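Trainee: Got a structure for you, questions after.
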Amino acid sequence: MNLAAMDPQTYDTQLEHKRIKLEQAFAQFETPSVEVFASEPANYRMRAEFRMWHDGDDLYYYMFDKVLNEKVRCDQYLPASVLINQMMSALIAELKPNPSLRHKLFQVDFLSTLSGEILVSLLYHRQLDDQWRADAAALKTKLSSQFNVNIIGRARKQKIDLDKDFVVESLQVNDKTFLYKQIENSFTQPNAKVSVKMLEWAIDATQDSEGDLLELYCGNGNFSIALAQNFNRVLATELAKPSVDAAQYNIEVNGIENLQIIRMSAEDFSDAMAKKRSFRRLEGIDLDSYVCNTIFVDPPRAGIDPDTLALVQGYERILYISCNPETLKDNLQLLNETHKVTRFALFDQFPYTEHMETGVLLERR
């Protein structure tokens, strides 16, 4: 974190520097002009995590500033959603005078939504007892007069959900509203409004598609659910069980009938497609019946492994969302041999940082 860089007055300048840096880094691939999708300059993060500092009777949130090389008190936090900032004030006022709720509390995580829900996770260096549960229930009741809130307590090998451990986000994407179950401690795009722009860009990039879509690393179905409208069928893979469970919920609640999720890694799916191995999880699924001309990938920061990259290269069109330009660049060294970048986008998920979320559409030469 660099608090000094978080100045809305300089946001446009910082974003322009990112655009120039990205175009220069990928110049060798003869990409089209970068499509730039800006963030709100403040209150854009739908989740935030804070450490807790105990100083006598005082208790406050803090973060570590890497530039100053010291902890910084955070009574409010400019990047966080308005809802998180409101909850920060209300929560700390209740925690300070309560011995049970504050004892050995070392971290608080917030997960909020544009739809008005917020989930608060309290993390402790001690086991949570019945007194904590009673006080946490009373805290939830009091906060519920102002917020649509749920509370989770966490300690070593212990998790207590007072009600539920998820929120349901509502995103307006073009003329459609999509609902997404987002589970505590699972990956979600932190900048919801930029996430909407990413979905709209992906839908536009794949309009008039023919055949089916294969998606690897689908998470909670964020992209595959929105993209299903452009394809006959969608087949998606994800390894993390909580994400798969959320994806199944999201498929049902959004009424998507042409999307199937398989719980397996991209590496195993590559082996299955190459018929190197058979998998029980694929029983009853005829992979050969899918006519996937397009593949969508949103890999982790490490990029795509060599076997999966070889699989990806076999498709006519590749839609690649990357959270790490360096690994995207490495992967493009191979993909550029057979495919040409026809769309190139910068999504500013993380203002005031060096981080760049990018999207490329590649089509076979």
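In case you wondered, yes, glycine gets a Cβ from its N, Cα and C as well.
Dumping what Swiss-Prot says about this protein:
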type     : residues                     : note
BINDING  : Q189, Y217, N222, E238, D298 : S-adenosyl-L-methionine binding site
ACT_SITE : C323                         : active site, nucleophile
ACT_SITE : E357                         : active site, proton acceptor
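Relative to the rest of the structure, where do these features sit?
Mentor: Packing around N222 (S-adenosyl-L-methionine binding site) is summarised by its Cβ count: 28 other Cβ atoms lie within 10 angstroms of its Cβ, all protein chains included.
DSSP assigns C323 (active site, nucleophile) to coil in the three-state reduction, outside any helix or strand.
Taking Cβ-Cβ distances under 8 Å and a sequence separation of 6 or more, the neighbours of E357 (active site, proton acceptor) in its chain are V194, M198, I321, S322, C323, L346, F347, D348, Q349, F350.
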Trainee: At a 10 A cut-off on CB-CB distances, which of the binding-site residues E238, D298 has the highest count?
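Mentor: Per the Cβ count, the most surrounded site is E238.
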Trainee: Compute the centroid of the Cβ atoms of Q189, Y217, N222, E238, D298, then list the same-chain residues not in that set whose Cβ lies within 8 Å of it, in sequence order, for the S-adenosyl-L-methionine site.
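Mentor: Leaving out the recorded residues gives F187, C218, G219, N220, G221, F223, S243, I321.
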Trainee: Sequence gap of 6 or more, C-beta under 8 Å: which same-chain residues meet both conditions with respect to Q189 (S-adenosyl-L-methionine binding site)?
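Mentor: Residues satisfying the criterion: S195, M198, N222, Q349.
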